[in-house]
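As recorded in TrEMBL, the features of this protein are as follows:
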type	residues	note
DOMAIN	13-120	domain 'Dihydrodipicolinate reductase N-terminal'
BINDING	Gly18, Ala19, Arg20, Gly21, Arg22, Met23, Gly84, Thr85, Thr86, Ala117, Pro118, Asn119, Phe120	NAD(+) binding site
DOMAIN	123-259	domain 'Dihydrodipicolinate reductase C-terminal'
ACT_SITE	His147	active site, proton donor/acceptor
BINDING	His148, Gly157, Thr158	(S)-2,3,4,5-tetrahydrodipicolinate binding site
ACT_SITE	Lys151	active site, proton donor
Amino acid sequence: MTDTTGQPSGDLKVAVIGARGRMGSEAVRAIEAAAGLSLVGAYGSADLLGDLGGAEVAVELTVPAASPGNVAHCVARGVHVVVGTTGWDDDRLETLRAQVAEAPAPAVGDAVGVLVAPNFAIGALLMMSFAAKAAPFFESVEVIELHHPAKVDAPSGTAARTAAMIAAARADAGCAPVPDATTHDPDGARGARVDGIPLHSVRLRGLTAHQEVLLGNAGEMLTLRHDSFDRGSFMPGVVAAVRAVAGHPGVTVGLEHYLGLA
Ligand SMILES: NC(=O)C1=CN([C@@H]2O[C@H](COP(=O)(O)OP(=O)(O)OC[C@H]3O[C@@H](n4cnc5c(N)ncnc54)[C@H](O)[C@@H]3O)[C@@H](O)[C@H]2O)C=CC1
Ligand SMILES: O=C(O)C1=N[C@H](C(=O)O)C[C@H](O)C1
């Protein structure tokens, strides 16, 4: 990309991997519209990533099975990565940290940075933070996530991270496990457990991405709810992450750490 004098514009060069998906296509439009960012590559599942079109930052929005390989490809070339794809459990993150430690120097910034962001929506980040803050003050906590029926994974990455944050806050405060007298649940009606926190996944036509955290004490309940009605809700976070990732070497989990919300 050049400016009106024909000189390089200095824009940050960005590639999108998973560019034809629901999130990837939206990210392509957001990056094309963002000041200071130039889209240099848009890759689908049949495309070879190669040199990523000379990208300095890649946005990775694919499927859990493909994401670690794509991210490793970028890191091995000294390209910073903003990862929105779910499925990044502790084992995957540990492998990624080792890959990032061995990465060559990037074209911008001192060392390669990777952001793994379970949710880019500002309201979702706040909801998770509020839930962790409130959780030690209640006996019972349950997470309900509700998504469109084309979602491939359950529970959602956001719900899993919310449960982990809640569990960590309760452990720090010395809380007892959430009370649950169930002894007979042959069909799993009580949902899954992540770090001891009950978690329920709903898939329903018409929905996009929604989550409730229910917190209960004797005689009272606090409900925290976030709704993404449109994937546009994720795009300010994607653009902010792209702009910031080169300034955050190493692996960061959660966009809240870039935004001062952690
Ligand atoms: N962090 C966040 O705020 C958000 C994260 N997500 C996550 O992003 C991921 C994508 O979600 P959607 O866009 O709804 O899914 P989608 O199914 O619409 O798109 C995924 C795309 O990735 C492509 N793909 C698969 N393997 C690939 C490969 N090896 N290389 C390049 N492209 C490949 C598919 O062909 C498809 O076009 C999911 O893990 C989802 O949970 C979704 C919304 C928000
Ligand atoms: O697949 C989706 O749609 C979403 N995935 C992310 C998740 O699993 O948490 C973020 C958001 O919930 C939308």
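Along the chain as shown, residues are numbered 1 onward.
Heads up, the Cβ atoms here are built off N, Cα and C, so glycines get one too.
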* To do: Let me know the most crowded of the binding-site residues, choosing from Gly84, Gly157 and counting other Cβ atoms within 10 Å.
  => Gly84
* Asked: If you draw a 10 Å sphere on the Cβ of Pro118 (NAD(+) binding site), how many other Cβ atoms land inside?
  -> 24
* To do: Write out the long-range same-chain contacts of Arg20 (NAD(+) binding site), meaning residues 6 or more apart in sequence whose Cβ is under 8 Å from its Cβ.
  => Ala42, Gly44
* List the helix, strand and coil residue totals of the domain 'Dihydrodipicolinate reductase N-terminal' (13-120) as derived from DSSP. => 37 helix, 24 strand, 47 coil
* Which residue counts does DSSP give the domain 'Dihydrodipicolinate reductase C-terminal' (123-259) for helix, strand and coil? -> 53 helix, 40 strand, 44 coil
* Asked: When the pLDDT values for the domain 'Dihydrodipicolinate reductase N-terminal' (13-120) are averaged, what is the result?
  -> 98
* **binding-site residues whose CB lies under 6 angstroms from ligand 2, from Gly18, Arg20, Arg22, Thr86, Phe120** => Thr86
* Just give me the nearest neighbour of Phe120 (NAD(+) binding site) among the recorded positions His147, His148, Lys151, Gly157, Cα to Cα. => Gly157
* Integer Cα-Cα distance in angstrom, Thr86 (NAD(+) binding site) to Lys151 (active site, proton donor) -> 11
* Structure fact -> Given the (S)-2,3,4,5-tetrahydrodipicolinate site His148, Gly157, Thr158, its other Cβ neighbours within 8 Å of the Cβ centroid, in chain order, are Thr86, Pro118, Asn119, Glu145, His147, Lys151, Asp153, Ser156, Ala159, Ala209, Gln211
* Asked: ligand 1 is in the model; which of the recorded positions Gly18, Arg20, Phe120, His147, His148 have a C-beta less than 6 angstroms from one of its atoms?
  -> Gly18, Arg20, Phe120
* To do: Across all the protein chains here, work out how many other Cβ atoms are within 10 Å of the Cβ of Thr86 (NAD(+) binding site).
  => 23
